Amino acid sequence: MPASNSCSPPGGDHKPPPPPPSHPSPSPTPSYPPPPNNGGGYYPPPPDNTSHTPPPPSSTPPNNGGGGNDGGSGNTGGGNSDDGSDGGHSICPSGLYSSAQCCSTDVLGIADLNCKPPSRTPKDGSDFAKICSNTGSEARCCVIPVAGQALLCEDVVGAN
């Protein structure tokens, strides 16, 4: 190949390359995690509590001593009931063991079988024991009963 075809002559016409095409600037790439102004990356973003009122305070659940008017025993028309006028005295502590029950079978002092609520609302621990003993059962404070079977229970304070 001849040398005259492979190179431009020195000092001859040499044109600079054309400028690159003009393109719009790309938008900024989002950073991860998202910046704090859009929730800080937690989905969903935290609630805006500035325009909301707080929820009302919770109330204390009722205890086992109130509202005991059970209607009595058949033909007497309510002669043996407690109307709850003693201020709702609680026989069992609030919390897990809060259900007053008369249980006929005790297993190792913690599990009880054949449990039923007392026939009327007891006035105190000794009254609770008397109500249950009338049916041949024992006064116990239990977790919420499930079909009257296999309850976790503890002794009633003041039932002796």
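Just so it is clear, glycine is given a Cβ too, placed from its N, Cα and C backbone atoms.
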> Choosing among C7, C92, C102, which residue does Swiss-Prot name as bonded to C132 by a disulfide?
Replying inline: C102
> Per Swiss-Prot, which of C92, C115 is disulfide-bonded to C103?
Replying inline: C115
>> In the three-state scheme derived from DSSP, which category covers C92 (disulfide bond)?
In response: coil
> Roughly how many angstrom lie between the C-alpha atoms of C132 (disulfide bond) and C141 (disulfide bond)?
Replying inline: 12
> Using C-alpha atoms, which one of the disulfide-bonded residues C102, C103, C115, C141 comes nearest to C153 (disulfide bond)?
Replying inline: C141
